[in-house]
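S.K.: This structure is in structure tokens; I'll ask about it shortly.
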Amino acid sequence: SLYFILSLWAGLVGTGFSVLIRLELSAPGSVLGDFQLYNLIVTTHGLVMIFFLVMPMMMGGFGNWLVPMMLSLPDMGFPRLNNVSFWVLPVSMGLLFCSAFSEGGFGGGWTLYPPLSSVMGHSGPAMDFLILSLHIGGASSIMASINFYSTWGNMRAGCHQFYRVPLFCTSIGVTSFLLILAMPVLAGALTMLLTDRNFNTS
């Protein structure tokens with residue numbers, strides 16, 4: 001339920017950013033009067049919608065509601081890990097908004113590509129807040145994915161052989177496995193970007 005509440009709130013925030021984007025594009029010239037502000041809105045809209053609407057709702061919300069029910073279980077495999085994986089998400093979202101309010105925010109697009117995400121593109125702390133936000137969000141995804149994968153793989157009731165497991169549970173299990181593989185790669189790339197910015201690595 002908490003995942004659903006957070007993701008619905010994030011959806012409202014992202015929809016507000018989407019309205020501002022459409023307002024800016026509705027007329028020739030600049031409606032907002034600040035191109036950096038427009039780039040910031042596009043960046044924040046993309047990150048909010050992906051990391052705080054789609055992923056928490058599809059994996060956290062529907063997964064926590066339906067996987068234990070479909071596998072005839074009282075709860076997920078690691079309830080406390082589940083709890084931690086949710087409660088770091090508001091912290092991650094708070095850091096994302098700290099980024100938006102730090103020295104004009106980061107306006108380099110939600111893909112965070114250099115050179116816009118380098119020190120030359122954005123020299124202030126906004127990008128560093130954003131990197132920390134995505135690190136914490138990625139840790140949340142890894143914790144939730146470990147929980148889903150171990151629940152799906154190890155806690156099936158005796159009547160649930162692999163070929164009798166509902167397809168939704170299998171899709172959650174496969175998606176969890178892919179997230180466990182992909183999120184450390186994202187974390188490594190973000191760490192390298194952080195060291196490029198702050199420790200003059202290349």
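Every residue gets a Cβ built from N, Cα and C, even glycine.
Whatever TrEMBL says is automated annotation, not expert-curated.
Below, the features straight out of TrEMBL:
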- 1-202: domain 'Cytochrome oxidase subunit I profile' (DOMAIN)
- 6-25: transmembrane segment (TRANSMEM)
- 37-67: transmembrane segment (TRANSMEM)
- 87-108: transmembrane segment (TRANSMEM)
- 129-152: transmembrane segment (TRANSMEM)
- 172-194: transmembrane segment (TRANSMEM)
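Mind running through what each feature is packed against?
M.R.: In the predicted model, the domain 'Cytochrome oxidase subunit I profile' (1-202) shows an average pLDDT of 93.
Residues 31-32, 38, 41-42, 44-45, 48-49, 52-54, 56-57, 60-61, 86, 89-90, 93 of the same chain sit 6 or more residues outside the transmembrane segment (6-25) yet have a Cβ under 8 Å from a Cβ within it.
Below 8 angstroms of C-beta separation, residues 6, 10, 36-40, 42-44, 47-48, 51-52, 56, 116-117, 121-122, 124-127, 129-130, 132-134, 136-137, 139-140, 143 of the same chain, each at least six residues beyond the ends of the transmembrane segment (87-108), sit close to that stretch.
Counting only same-chain residues 6+ beyond the ends of the transmembrane segment (172-194), those with a CB under 8 A from a CB of the stretch are 59, 63, 67, 112, 114, 117-118, 128, 131, 134-135, 138-139, 141-142, 144-146, 148-149, 152-153, 201.
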